Every structure is written in C-alpha cells, then in structure tokens.
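Here is the structure we will look at.
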C-alpha cells in the first residue's frame with residue numbers, strides 16, 4: 001500500500017524535473033513566434049512531450065521483457081558492432097522482442113562492464129534448483145520460476161537507464177548520441193545560470209536609476225536591426241555618481257559558490273538544496289505573474305504569427321520541458337507506485353504547460369515586441385518587491401546548479417579518468433552480491449540500487465583527489481568562459497540547447513527506439529499506424545532540430561550581438 005506522502009513525493013519529483021528557470025524566457029519566445037501561433041505550438045509540443053515521455057518508458061518495459069524472456073528461454077541475444085539487431089537461430093521466435101546483446105543481458109543495464117555470467121550465477125543456480133524441485137513438485141517449481149522472474153524483472157526496472165535503451169536498440173552509436181545530447185543539455189543549463197545571475201544582479205544593482213540604464217535582453221528582429229543596436233545589452237548610460245560593474249564581471253559573481261558545489265561527491269546530500277530550489281522557483285512564478293498583472297495593459301505591438309524566427313521559439317519551448325532526461329530514473333524509483341506514473345506525468349505536464357503558457361502569454365501581451373530575453377528585465381527596477389523577486393530567482397538558480405552539473409561531472413570524469421575505474425572483477429563481485437540480495441525475500445532490499453549507483457559513479461574513485469578537483473574546477477571555468485562570451489544571449493543559448501539536445505531526447509529518441517522495438521511485429525492496420533506515427537514524430541523532431549539550430553546560430557552570430 002503506497003502512502004499519500006509517497007504519492008505527493010512521486011508527483012513532486014516529476015514536476016520538479018520539468019520546471020526550471022526557463023519559464024522566464026517564455027514571453028520572449030512568444031515574441032519570436034507570435035501569440036496565436038506560439039500558443040498553438042505550445043499545446044502541440046506539450047502533447048508530444050507527454051506522449052514521448054510515456055513512450056520511452058514503454059520502450060524500457062519492452063527491453064526488460066525481452067531480456068527476461070530471452071534468459072528464461074535460454075536464447076542467446078546479439079547486437080553487432082554496428083548496432084544491427086540480430087536473432088540467434090536457437091532463440092524462441094515467439095518471444096515478444098527478439099533484441100539482445102552477444103553476451104546475453106545488456107551490460108549497461110546492470111552496470112558498466114558487467115558480465116552476464118557473473119550476474120546470472122545465482123540465477124543459474126536458482127534455475128537448477130527449480131528444475132530439481134520440478135521433478136518432485138511441478139507446481140512448486142513453477143511458482144519458484146515465476147517468483148524468480150518477477151524479482152529479475154523488478155531488478156532490471158530499477159537500473160535500466162536512457163543510455164541503456166539507446167544502446168539496446170541502436171548499439172554504441174545510440175549510446176554516444178544520448179550521452180552527447182545529455183552532456184550538451186546539462187552543460188548549457190549551467191552556462192545559462194551564470195548568464196542569468198549576472199544580468200539579474202545588474203538589474204538589482206541598477207535600482208533607482210533610469211530604466212534605460214539597465215543592461216537588458218532585447219527582442220532582436222531581423223528587420224529592425226538599426227533600432228535594436230541602440231538598446232542592446234551593453235547600452236546603458238553612465239551616471240556621474242556611481243556605475244554598475246560591467247556585465248562580464250557580474251557573470252563571474254557566482255563562481256566561488258559554483259566551484260564549491262562542483263566538489264560535492266554524493267548527489268544524495270543535495271536533498272535540502274533541491275527543496276530550496278523548488279520553493280524559490282514556485283515563489284518566483286507567483287511573484288512574476290503578480291507583477292506583470294499589476295496595472296496590466298495590452299501592448300499594441302503584439303503579433304499573432306511570425307515566421308522568420310519561429311524555429312527559435314521551438315528550441316526554447318523544447319528546452320523549457322527540462323525533464324525528458326530524468327523520466328526513466330524517476331519512473332524506476334517509483335517502485336510499487338509505477339501504475340500511477342502516467343497520471344502523475346500528465347498532471348505534471350499540465351501544470352508546467354499552464355505555467356509556461358501563462359507567463360509567456362501575459363508577458364508578451366503586456367510588453368509585445370519590446371519583451372526582453374528574461375522577462376524580469378522588463379519589470380520596474382525602482383520597485384523593492386522586484387528586487388526581492390530577483391533575489392529569490394537568483395537563489396533558486398544557485399541551488400539548482402549542483403543538480404544540473406552533477407551529470408556533466410560524471411560523464412567528464414568517466415571520459416578523462418577511465419584508467420582509475422573499478423576493475424571488471426570488482427564490478428562482477430558487486431553485481432553478484434546484488435543478485436544474491438535480489439533473490440532473497442527481504443522487503444527492504446536496496447543492494448541492487450546501491451551496487452548500480454556505485455558502479456555508475458565509481459569510475460574515477462581511484463583517481464587522486466587533487467586530479468578530480470582540478471577536473472571539476474576546469475568544467476566550471478569552461479562554463480564561465482562560455483557564459484562571459486554569450487552574456488547577452490540567454491534566450492539563444494536556451495534555443496541552441498533545445499535544438500541540439502532537448503529535441504533529440506524528447507522527440508527523436510523515444511520514437512526511434514520504439515520503431516526498432518516493434519518493427520518485427522506482424523503487419524496490421526494498427527501496427528502500420530503506429531509505425532507511421534513514430535516516423536512522423538521522428539521527422540518532425542529532426543526538422544525542428546535542424547531549422548532551430550540554423551536560425552539560432554544565425555542570430556547568435558549577428559554582428560550587433562558582439563559589437
């Protein structure tokens with residue numbers, strides 16, 4: 001029986017995964033698409049996100065089912081070096097999903113470098129015992145087999161990752177694509193946190209000055225470049241009394257904190273940090289809406305549809321749904337509550353879409369084509385309430401940073417410190433130990449999770465502390481350097497992240513993986529419709545990614561951004 005508190009916790013985890021600070025750039029996103037077209041596309045992207053998030057979980061279930069069925073039937077599964085799916089001649093053709101690796105179980109599903117022979121030692125013993133019992137008592141043997149299969153399925157459900165699914169369906173190229181997309185997405189978020197804090201600090205330090213004195217994200221347009229050059233981010237007037245520090249210096253302000261966060265070794269110690277971030281983000285949403293609705297009036301520069309910069313909008317909206325990379329681990333963590341995943345996912349996306357649509361629509365209606373890249377830059381700087389709001393938003397971003405940089409650190413350490421990894425023998429011992437616990441009847445069994453968590457993060461454990469710290473500091477310094485260079489381009493960095501990372505993870509990967517997993521099924525009208533649907537969404541994702549990337553890069557390299 002799942003408690004009410006657990007229901008709330010599971011829903012909160014899903015909601016937290018999909019909401020960040022990107023809602024603050026939604027009014028600017030609407031200025032790139034127009035109000036009517038932008039709202040319609042937001043609804044379409046929300047529906048596609050809901051569908052594809054559930055689809056990737058379905059792919060995980062098909063993968064687990066295939067692995068368990070193949071092992072139980074004694075078939076050997078293969079997936080060649082090119083990622084081509086093959087079927088062993090000895091396998092049972094009635095298996096629902098004949099996709100597998102040469103050495104049996106997907107190694108990455110059970111831990112890096114895991115050997116199926118070590119993993120299945122206890123499973124083989126269990127099968128031998130079941131066969132012996134079956135000769136004495138068929139019903140008892142069948143019950144033992146079913147119990148073992150259930151425990152095996154539960155174990156795989158807990159540890160399969162997004163990269164495992166990509167590798168299972170498309171081999172190592174699929175794994176590399178997923179890891180690259182995740183890296184770009186998380187690395188880009190961290191760059192934007194520097195940019196956001198620097199510009200928001202400039203807003204706060206400009207309190208009491210004329211609005212034209214503030215460094216502001218302007219809504220650049222291809223056809224009004226001359227006007228916009230007079231109001232770009234560096235265009236502020238000096239006063240004879242004091243001056244705001246230069247923007248590049250304020251972008252460096254959070255560096256000491258971020259360097260400290262980069263040294264955190266255990267993500268479990270970030271629980272309180274996550275709570276502070278969530279409270280700050282939720283308070284920020286309410287406060288931003290309240291300020292924009294105060295003395296609300298509709299701008300006469302609102303447009304209903306804009307074509308030239310529409311791809312920028314698509315990239316920005318895609319990245320605003322930040323949770324696609326965390327859907328699998330969250331669903332895996334829900335244990336006995338997985339049957340509620342679909343409803344919790346849909347509820348979370350409804351709330352997130354309401355926030356994105358509400359802030360975007362109200363902000364664009366009020367400020368029109370004068371909407372800046374972060375909507376708080378449009379708010380009156382003389383208001384003490386706005387200063388408190390800015391401080392709250394900065395706090396939320398600061399405490400979100402460690403959660404976003406953690407995957408970047410993991411991937412980078414595995415890449416550069418691989419020689420300090422856990423040996424294959426140690427990995428096999430860890431997995432075998434977890435397997436023993438999984439075959440027990442203990443209700444408080446965390447051995448598999450702990451072993452997989454250790455394997456997932458243990459690659460650099462043998463490296464000297466100074467080496468790991470230097471690498472982590474180097475990651476943060478690279479992010480800072482990029483943030484200084486792109487300090488005027490918060491919205492376009494978001495669009496770039498969406499084009500290169502988020503669109504692939506959200507739309508292309510789930511449908512491409514599902515296509516590979518169900519392609520072999522008997523042809524029927526329903527099957528053809530499923531294949532057409534998957535292919536269509538894949539095509540939309542690829543087209544959206546390419547066009548969004550092209551237009552975003554064109555905007556980034558316009559001379560007036562760096563002039």
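Cβ coordinates are placed from backbone N, Cα and C, and glycine is handled just like the others.
The domain 'Amino acid transporter transmembrane' annotation in TrEMBL covers 11-63 (among others).
According to TrEMBL, the transmembrane segment annotation covers 35-57 (among others). With a threshold of 8 Å between CB atoms, the same-chain residues lying at least 6 positions outside the transmembrane segment (35-57) that come near it are 29, 162, 165, 302-306, 310, 313-314, 317-318, 321, 323-324, 327-328, 331, 341-342, 345-346, 349, 353, 356-357, 360-361, 364-365, 506-507, 509-511, 513-514, 537, 540.
As annotated by TrEMBL, region 'Disordered' applies to 71-93 (among others).
Per TrEMBL, compositional bias 'Low complexity' is recorded for 75-93 (among others).
For 116-150 (among others), the entry in TrEMBL reads region 'Disordered'.
Here TrEMBL flags 117-141 (among others) as compositional bias 'Low complexity'.
The domain 'Amino acid transporter transmembrane' annotation in TrEMBL covers 158-552 (among others).
Taken from TrEMBL, the feature transmembrane segment applies to 175-197 (among others).
What TrEMBL lists as transmembrane segment is 247-264 (among others).
Annotated transmembrane segment per TrEMBL: 276-298 (among others), in sequence order. Same-chain neighbours of the transmembrane segment (276-298): 12, 16, 19-21, 23-24, 355, 358-359, 362-363, 365-366, 375-376, 379, 383, 385-386, 388-389, 392-393, 395-396, 399-400, 403, counting only residues six or more beyond its ends whose CB sits under 8 Å from a CB of the stretch.
As annotated by TrEMBL, transmembrane segment applies to 310-332 (among others).
Per TrEMBL, transmembrane segment is recorded for 344-365 (among others).
Sequence annotations record features per position, and here TrEMBL assigns transmembrane segment to 385-409 (among others).
Residues annotated as transmembrane segment in TrEMBL: 470-490 (among others).
Per TrEMBL, the feature transmembrane segment maps to 496-519 (among others).
Sequence annotations record features per position, and here TrEMBL assigns transmembrane segment to 531-557 (among others). Through the fold, the transmembrane segment (531-557) approaches residues 48, 51-52, 220, 308-309, 311-312, 314-315, 318, 486, 489, 492, 495-496, 498-500, 503-504, 506-508, 511-512, 514-515, 518-519 of its own chain, all at least 6 residues removed from its boundaries and within a Cβ separation under 8 Å.
The stretches the transmembrane segment (310-332) and the transmembrane segment (496-519) are in mutual contact, each linked to the other by at least three Cβ pairs under 8 Å (pairs 6 or more apart in sequence). Residues 20-21, 24, 182-183, 186-187, 189-190, 193, 196-197, 200-201, 203-204, 207, 254, 257-258, 261-262, 264, 267, 270, 273-274, 276-277, 279-281, 283-284, 287-288, 291, 325, 376, 379, 472, 475-476, 479 of the same chain lie 6+ residues outside the transmembrane segment (385-409) yet bring a C-beta within less than 8 angstroms of a C-beta in it. Between the transmembrane segment (247-264) and the transmembrane segment (175-197) there are at least 3 Cβ pairs closer than 8 Å, counting only pairs 6 or more residues apart in sequence, which means the two stretches are in contact. The stretch from 344-365, 470-490, 496-519 with the most CB pairs below 8 A to the transmembrane segment (175-197) is 496-519. Same-chain neighbours of the transmembrane segment (496-519): 48-49, 52-53, 55-56, 58-59, 62-63, 66, 85, 97, 99, 162, 165-166, 169-170, 174, 177-178, 181-182, 184-185, 188-189, 192, 311, 314-322, 324-325, 527, 530-531, 533-535, 537-538, 540-542, 544-546, 548-549, 552-553, 556, counting only residues six or more beyond its ends whose CB sits under 8 Å from a CB of the stretch. The residues of the domain 'Amino acid transporter transmembrane' (11-63), classed with DSSP into helix (H, G, I), strand (E, B) and coil, number 49 helix, 0 strand, 4 coil.
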